[in-house]
Amino acid sequence: MAAPVDDEFEDAPDVEPLEPTLSNVIDQRSLRWIFVGGKGGVGKTTCSCSLAVQLSLVRDSVLIISTDPAHNISDAFDQKFSKVPTKVRGYDNLFAMEIDPSLGVAELPDEIFEEDNMLSMGKKMMQEAMSAFPGIDEAMSYAEVMRLVKGMNFSVVVFDTAPTGHTLRLLNFPTIVERGLGRLMQIKNQISPFISQMCNMLGLGDMNADQLASKLEETLPVIRSVSEQFKDPEQTTFICVCIAEFLSLYETERLIQELAKCSIDTHNIIVNQLVFPDPEKPCRMCEARHKIQSKYLDQMEDLYEDFHIAKLPLLPHEVRGVENVNTFSKLLLEPYKPPSGK
């Protein structure tokens with residue numbers, strides 16, 4: 001008599017879940033670029049600062065860059081940072097800087113052009129030129145930062161990114177710059193009479209269309225190099241931060257899909273702000289919240305069984321200041337143990 005079909009699978013072992021920490025990221029010494037991102041308000045900055053702290057214990061030099069206009073890393077470390085890498089107080093090898101790529105190229109005011117028909121026509125052509133490659137100003141801002149950072153030879157760079165849309169533009173900036181440069185080369189003769197004036201207004205000095213194109217071309221080798229590194233899982237990874245709620249889970253899935261399209265490696269998720277009720281101190285609100293979060297945690301574990309999913313607790317205090325960041329950072333390597341009844 002034939003054996004039931006299920007018998008051959010009866011003793012098959014369950015798939016072991018991956019370690020629920022960021023140890024794999026800390027231990028991967030080949031990594032040069034680590035992005036931390038997700039929906040707004042989920043604790044990206046706390047997680048990225050904590051990751052940078054742990055990396056500083058095992059790497060020669062670590063730089064954390066905030067590309068979020070909110071610039072929360074100054075709040076997290078309780079220290080003001082600027083566009084220049086600044087040493088974080090209390091560390092010898094951890095540096096931080098804050099940039100706002102969205103400022104890029106400001107819109108030119110009408111007053112500059114007055115009533116002159118020729119200048120008015122020039123403005124229209126400039127607007128047409130800039131609109132031909134949307135995002136070029138932001139992308140060039142990223143490109144300049146990358147050029148500077150590459151020259152500083154930090155052993156690893158952590159990006160505390162802005163909410164998802166900005167993050168995807170950051171990861172796509174090499175493509176945007178190359179496309180924009182190609183478009184500029186096509187129309188440079190058309191806009192040449194006005195390029196010098198535009199450059200003066202943007203603070204780039206005297207420059208004609210050929211010089212501007214040449215200046216952009218100088219950054220292309222760096223941009224292409226960074227682009228290749230971004231797509232190399234040995235050098236780049238992305239850590240998604242979320243909370244156990246529907247919208248955050250949805251945004252995380254969308255982000256992971258977009259990262260796959262960009263060929264960016266990602267195999268770590270941090271689920272932050274989890275509520276763990278204390279059996280000795282019953283709280284109906286906490287228990288209700290825990291029940292909701294548990295439902296979405298189960299979904300995440302089913303959906304992302306090939307990811308390291310770190311679970312971090314909601315704390316009764318802000319994670320602010322070097323000492324608090326230090327303490328919180330240990331949770332990235334040691335799974336949190338919730339209170340249990342005796």
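Any Cβ shown, glycine's included, is placed from N, Cα and C.
As recorded in Swiss-Prot, the features of this protein are as follows:
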- ASP68: active site (ACT_SITE)
- LYS39, GLY40, GLY43, LYS44, THR45, THR46, GLU245, ASN272, PRO313, LEU315: ATP binding site (BINDING)
- CYS283, CYS286: Zn(2+) binding site (BINDING)
Going by C-beta under 8 A and a gap of 6 or more residues, the same-chain neighbours of GLY43 (ATP binding site) are VAL241, ILE243, ILE270, ASN272, GLN273, LEU312
Smallest Cα-Cα separation from GLU245 (ATP binding site) among the recorded positions ASP68, CYS283, CYS286 is shown by CYS286
Least surrounded, by Cβ count within 10 Å, of the recorded positions ASP68, GLU245 is GLU245
DSSP says PRO313 (ATP binding site), in three-state terms, is strand
According to DSSP, GLY43 (ATP binding site) sits in coil
Cα of LYS39 (ATP binding site) to Cα of ASP68 (active site), in Å and rounded, measures 12
In all the protein chains shown, the tally of other Cβ atoms within 10 Å of the Cβ of THR45 (ATP binding site) is 25
